[in-house]
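Student: Let me give you the structure first, and then I'll get to my questions.
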Amino acid sequence: MDIVSHQKIRRFEAGTFQEIESSVATEYPLTIYVNDQELVTIVCTPEYLEDLVVGFLTSEGIVRGPQDIDSVDIIEATGHAKVSANFVNKFNAKYRGKRYITSCCGKSRENFYFQSDASLVNVKQNGSLQLTTDMIFRLMENFEQNSATFHQTGGVHNAALCSSAEIIYSRMDIGRHNALDKIYGRALQDGTSTEDKAIIFSGRISSEILVKTAKLGCGIILSRSAPTELAINMAEELNITTVGFIRGDRLNVYSGFERIT
């Protein structure tokens, strides 16, 4: 399925209109069923859908990890993801029903945030990873080079999992949380440890993005944008290093200063 469509538009520039073709991000609703029961519909970018499903179910505590999932069947034509699970968390299973998560998330996702997060995040973030400023600038440069769809459409969020030396996984999605869930799902299925890794994110570091980072077990998050006040406060409580405004040869460290040299 195409992740970008091409639309004829009228652009106003230099005092005149002209008809051009513009690249637009595809928006795709995916309904997840767990053991034949409808759980949620997520509006997403239609790629790496199995990664999204595994990452979402694990990060939201519906399952404990890939070991609880027997199979994931993605039916692209109907927008269905059918999951067969051998274990479902009974507490979080109460969220079953017709939940609809838009690409911008917000209140439509509130049932999946803060109510059960305390038991899902690692409040003892002690990742061994440390980064120098030169490492950060190099990683961000590589991240930007892998952001073709973002630059093409301006309508997606990018996220990456990286070590001090390289980007391991890079995923994009119209939903900022989805991009992180796709990374988490891939890492879980590959057996890749996230505790000694960092997250690179294309957008603002909100409290919800900070919680997602904590659920992944990463001790550092890097972004070209800034964190919110609540995100900084949560980062200090969870011992997560937040680095923002990474542009050119400058950056700001907002929390967890000891990991950046």
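Keep in mind that glycine also has a Cβ here, set from the backbone N, Cα and C atoms.
Pulled from Swiss-Prot, these are the listed features:
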type: ACT_SITE; residues: C105; note: active site, cysteine persulfide intermediate
type: BINDING; residues: F245, I246, R247, G248, D249, R250; note: Mo-bis(molybdopterin guanine dinucleotide) binding site
Student: Fewest neighbouring Cβ atoms within 10 Å: which of the binding-site residues R247, R250?
Tutor: R250
Student: Could you check the binding-site residues F245, I246, G248, D249 and say which one's CB has the most other CB atoms within 10 Å?
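Tutor: In terms of Cβ crowding, the pick is I246.
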Student: Using DSSP with the three-state reduction, classify R247 (Mo-bis(molybdopterin guanine dinucleotide) binding site) as helix, strand or coil.
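Tutor: In three-state terms, R247 (Mo-bis(molybdopterin guanine dinucleotide) binding site) counts as strand.
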